[in-house]
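As structure tokens, the structure follows; a few thoughts come after it.
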Amino acid sequence: MNQDAGPHYLGHRLIEIGCVEMVNRKLTGRTYHVYIKPDREVDPEAIEVHGITDEFLADKPMFHEVVDDFVEFVRGAELIAHNASFDTGFINYEFEKLGRNDTIEAHCTIIDTLQLAREKKSKGEIQGNLNLDALCRFYGIDNSHRTLHGALLDSEILADVFLFMTGGQKALELASGADADGAGIIRLDPSRRPLKVIRASADDISRHDTRMELVSDPIWQRG
């Protein structure tokens, strides 16, 4: 998920939402991804992080046009996010702006991988920083294609991190056959389509490369 600024939601808006679906600890190939036009300009500092510009968002839908599809995608699921209170704060602020009386928590169960990581660190099971990049390094997950903070790519990476945090490589193997011991992401209707493993497509990476070229003097290339 990306925002027009940070680190707090008040006065700021969502500009990108990306989700991947997992059933029985395996990616299904079903995703939700949308760019959103806010009713304000994107802060320059935020553009340096995610590369999403006002020009890029000019023809994108506004939140009220996509909210029902988003809610339907996550309804009845366990929604996994890293530092989840940050993301849910933005989502619920958008709900409030639309005059809705519900919250995202009313539609799905929230699992915070940052909280899981803190618990594991307190037990000595994780070392070092707990941001997404650091967890990828700790678990040996390849995130070399993550040059910018893109919501869909971040979701795919977080899915890998979650699997390692809650079962490691053994859990990845269990996904192809036997059930994992209760740790996973389970939907009310897990039989919507055949399961397959997906990774970032060439089109996803190409779109990120195109966005990256729009950013002058990016912070991730500064020595």
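Glycine is no exception: its Cβ is also placed from the backbone N, Cα and C atoms.
Note: TrEMBL annotation is automatic and uncurated.
The domain 'Exonuclease' annotation in TrEMBL covers 1-171.
All protein chains shown were included, and the count of other CB atoms within 10 Å of the CB of Glu45 (substrate binding site) stands at 10. Annotation source TrEMBL lists substrate binding site at Glu45, His50, Asp154.
Sequence annotations record features per position, and here TrEMBL assigns active site, proton acceptor to His149.
If you look up TrEMBL, you'll see Asp154 marked as divalent metal cation binding site. Around the Cβ of Asp154 (substrate binding site), 22 further Cβ atoms fall within 10 Å across all displayed protein chains. Classification of Asp154 (substrate binding site) by DSSP places it within a helix.
Averaged over the domain 'Exonuclease' (1-171), the predicted model reaches a pLDDT of 87.
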